[in-house]
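Quick look at what Swiss-Prot annotates:
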ACT_SITE  133  active site, proton donor/acceptor
BINDING   107, 108, 109, 110, 111, 112, 131, 132, 133, 152, 166, 176  dCTP binding site
């Protein structure tokens, strides 16, 4: 597998809608950086958040997930409580080619503050807004800034197309919009 460069990412985004909206340069003045980089794309976090809360004494169960585990917040700055967790989604909508696997890595700026972002791979043929998982590993409240960089996506090109894509397999997270909670089907 090869890591794909900026010119490939730009061409796929501008001509095939792989990333929408697409920022064809790195934007970093006064913000946590986002946009096209040398070998990746730094996506932005949207302004809608689901913040874990224990107000309803819910139990976190991935097979039977309860909506009352969260409070919903629409804001430009999300405060994550100490040792807590927030779900959000990317501003960008992704359409992944059949011969590409995308991995996500966190932003150094957030990691240095104890904020970890986790995203599972974007499979060949998948499309949607990416649900982002932010963990505040510190004993202090932490901020996430909407419409600024959240994580970097790295595009890996396979030697050939896969036999069955995420779309072919009717993956449960296909075409997701906004924040998508855990699904077990």
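Cβ atoms here come from the backbone N, Cα and C positions, even for glycine.
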State the Cα to Cα distance, in Å, between residue 166 (dCTP binding site) and the residue listed as 'active site, proton donor/acceptor', rounded to an integer.
21
Largest inter-residue Cα distance among 107, 108, 109, 110, 111, 112, 131, 132, 133, 152, 166, 176 [record-listed dCTP binders, Å]:
34
Going along the chain, which residues six or more apart from residue 107 (dCTP binding site) have their CB under 8 A from its CB?
32, 33, 42, 117, 149, 150, 151, 152
Cα-Cα, residue 111 (dCTP binding site) versus residue 133 (active site, proton donor/acceptor), nearest Å, comes out at 13
Under DSSP, is residue 131 (dCTP binding site) part of a helix or a strand, or is it coil?
strand
Taking the Cβ of each of the binding-site residues and counting other Cβ atoms inside 10 Å, which one has the highest number: 109, 131?
131
Which chain-mates of residue 133 (active site, proton donor/acceptor) that are at least 6 residues away have a CB under 8 A from its CB, listed by sequence?
85, 86, 87, 117, 118, 119
